[in-house]
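Novice: Quick one: structure below, then a few questions.
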Amino acid sequence: MAGGGIASIGVNKERAENYNGKLTLYVIIACIVAAVGGSLFGYDIGISGGVTSMDEFLRRFFYSVYLKKQHVHEDNYCKYNNQVLAAFTSSLYMAGLVASLVASPITRNHGRRASIICGGISFFLGAVLNAAAINLGMLLFGRIMLGVGIGFGNQAVPLYLSEMAPAHLRGCLNMMFQLATTLGIFTANMINYGTSKLHPWGWRLSLGLAAAPAFVMTVGGMLLPETPNSLIEQGNKTKGRRVLERIRGTENVDAEFEDMVDASELARLVKHPFRNILKRRNRPQLIMAILMPTFQILTGINIILFYAPVLFQSMGFKRAASLYSSALTGAVLASSTLVSMATVDRWGRRILLITGGIQMIICQVIVAIILGLKFGSDKELSRGYSIIVVVFICLFVAAFGYSWGPLGWTVPSEIFPLETRSAGQSITVTVNLFFTFAIAQSFLSLLCVMRFGIFLFFSGWIAVMTIFIYLFLPETKGVPIEEMMRLWEKHWFWKKIVSEDQQAKNTNGLNHA
């Protein structure tokens with residue numbers, strides 16, 4: 001049937017224009033609680049670098065690094081080069097990678113809330129184990145439990161936010177995940193600054209306080225409603241409509257409800273979403289789900305967020321000054337995310353990604369030039385050049401905060417049809433965590449080998465991804481989440497792939513008829 005082809009590629013255009021509803025207090029509260037999952041991710045990113053620069057922590061678990069750090073004339077770029085120390089940071093992300101694959105069928109079959117709750121419980125247990133660690137094995141096992149929590153949380157929370165938000169505010173509300181992440185980073189940096197003065201157990205407090213957002217996420221997940229999309233997908237249309245009316249603040253939700261029902265009927269026909277996502281008509285979304293998180297990590301942001309205190313100390317900053325500088329970058333990241341939330345649904349995704357990319361390239365090149373000319377293996381930066389480096393690192397972080405930071409999660413979470421949405425988000429999370437693991441494990445060695453060239457390495461990748469966005473990402477601003485398939489049909493490049501696949505399906509349908 002001709003109509004069958006249209007149903008498979010998107011919702012009815014006229015119906016999408018008849019969506020009603022407003023931003024309700026119910027949606028705001030639900031999104032705030034759900035976004036706390038982002039703070040788990042952010043807290044760990046921020047806390048790791050500070051803890052690994054504390055002498056008491058290094059002396060207990062990484063004594064060889066502690067001894068190397070004491071040598072004043074040690075090569076500054078190689079001072080912290082230790083693969084076991086890197087594993088302390090990176091083990092979490094490998095565990096998260098595996099957990100995100102497990103979380104995908106749970107998120108699809110049992111709802112977004114189930115994954116949020118599982119993530120919160122696992123992260124809570126990991127925080128307790130880390131705080132109480134008495135040996136390296138216990139410390140690393142705690143990190144693995146934290147990783148499982150992040151895998152589940154990063155799988156479910158962006159989907160939850162995208163499905164709860166009205167179409168015209170989806171970008172802003174979805175960015176609450178990234179805002180919570182940045183606030184988690186800033187909070188962790190400030191806690192590290194304070195606990196570094198608590199000898200010898202300050203590092204335990206830093207690691208243990210991760211249990212607080214984990215507790216909030218777990219309890220909040222138990223109290224949150226399931227998204228109407230998920231309820232309808234599970235066959236509970238009556239409850240799905242009731243929740244939809246509640247979160248939109250009106251009973252006139254026929255258009256949006258009918259689109260969700262149509263999408264869920266198609267989704268139920270897909271028994272193997274991971275196999276389905278490989279089909280030609282899903283090629284554009286699959287490529288975005290792989291490249292967006294890849295590019296997000298290849299901005300080099302993690303060398304700042306993971307290892308800010310270590311990096312600043314390598315540049316010759318004193319311990320207190322390095323922690324203060326990393327706290328400053330955390331504050332800049334959080335505030336710049338607010339800028340993105342205020343502009344993303346007005347200016348669109350593309351302009352923020354492109355302008356942010358250009359700004360990041362300029363900042364990284366300038367930092368590389370200063371380090372290359374003024375910073376050697378056995379000397380410190382002067383006060384003036386140190387200030388310039390911190391300023392341009394903050395400008396780099398600000399650019400990431402309003403562009404690739406939030407949009408690296410927002411865009412992949414909103415472009416998939418319902419039948420492959422959980423699988424697509426799982427791929428996004430898996431790719432993100434894989435490259436996060438790779439950078440976390442290799443950065444200290446890369447810094448030792450490439451020295452100031454590490455910034456040029458990442459700036460080259462930013463140039464590539466900025467060009468990619470300009471050429472291949474259509475604007476998703478204001479497009480209902482169930483209508484995204486139409487974007488690819490209109491895009492100058494992707495329409496060749498999607499249209500050919502659809503024409504083949506229609507031809508086969510006519511032949512069978």
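Think of each number as a place in line: the chain as shown, counted from 1.
From the backbone N, Cα and C atoms, a Cβ is placed for every residue, glycine too.
Predicted automatically and left uncurated, TrEMBL annotations should be read as such.
Features from TrEMBL:
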type	residues	note
TRANSMEM	23-43	transmembrane segment
DOMAIN	30-477	domain 'Major facilitator superfamily (MFS) profile'
TRANSMEM	84-102	transmembrane segment
TRANSMEM	114-134	transmembrane segment
TRANSMEM	140-161	transmembrane segment
TRANSMEM	173-191	transmembrane segment
TRANSMEM	203-224	transmembrane segment
TRANSMEM	286-308	transmembrane segment
TRANSMEM	351-373	transmembrane segment
TRANSMEM	385-405	transmembrane segment
TRANSMEM	426-446	transmembrane segment
TRANSMEM	452-473	transmembrane segment
Novice: Is the transmembrane segment (351-373) close to the transmembrane segment (114-134), in the sense of at least 3 CB pairs under 8 angstroms with a sequence gap of 6 or more?
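Specialist: They do not touch: fewer than three Cβ pairs between the two stretches lie under 8 Å.
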Novice: Averaged over the whole of the domain 'Major facilitator superfamily (MFS) profile' (30-477), what is the pLDDT?
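Specialist: Mean model confidence (pLDDT) across the domain 'Major facilitator superfamily (MFS) profile' (30-477) is 84.
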Novice: Restricting to the same chain and to residues at least six past its boundaries, which positions have a Cβ under 8 Å from a Cβ of the transmembrane segment (173-191)?
Specialist: 27, 31-32, 34-47, 50, 157-158, 161-162, 164-165, 205-206, 209, 213, 305, 308, 323, 326-327, 329-331, 333-334, 336-338, 340-341, 344, 401, 405-406, 409-410, 413-414
Novice: Select the range from 23-43, 286-308, 351-373, 426-446, 452-473 that forms the most Cβ-Cβ pairs under 8 Å with the transmembrane segment (385-405).
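Specialist: Per the Cβ count, the answer is 351-373.
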Novice: Counting CB pairs under 8 Å, which listed stretch among 23-43, 84-102, 140-161, 286-308, 351-373 touches the transmembrane segment (426-446) the most?
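Specialist: Between the stretches 23-43, 84-102, 140-161, 286-308, 351-373, 84-102 has the largest tally.
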Novice: Under an 8 Å Cβ to Cβ limit, what residues of the same chain, 6 or more beyond the ends of the transmembrane segment (351-373), are close to it?
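Specialist: Here the qualifying positions are 299-300, 315, 340, 343-344, 381, 385, 388-389, 392-393, 395-396, 398-400, 402-404, 407, 451-456, 458-459, 462-463, 465-466, 469-470, 473.
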Novice: Sort out for me which stretch, of 23-43, 140-161, 286-308, 452-473, has the most Cβ pairs below 8 angstroms to the transmembrane segment (203-224).
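Specialist: Answer is 23-43, with the largest number of Cβ pairs below 8 Å.
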Novice: State the non-local partners of the transmembrane segment (286-308) in its own chain: residues 6+ outside its ends, Cβ under 8 Å from one of its Cβ atoms.
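Specialist: Apart from its flanks, the transmembrane segment (286-308) reaches 45-46, 48-50, 52, 80, 89, 185, 189, 277-278, 322, 325-326, 329-330, 333, 360, 364, 393, 396-397, 400, 404-405, 408, 411-412, 415-416, 424-425, 427-429, 431-432, 435-436, 439-440, 443-444, 447, 454-455, 457-459, 461-462, 464-465, 468, 472-473.
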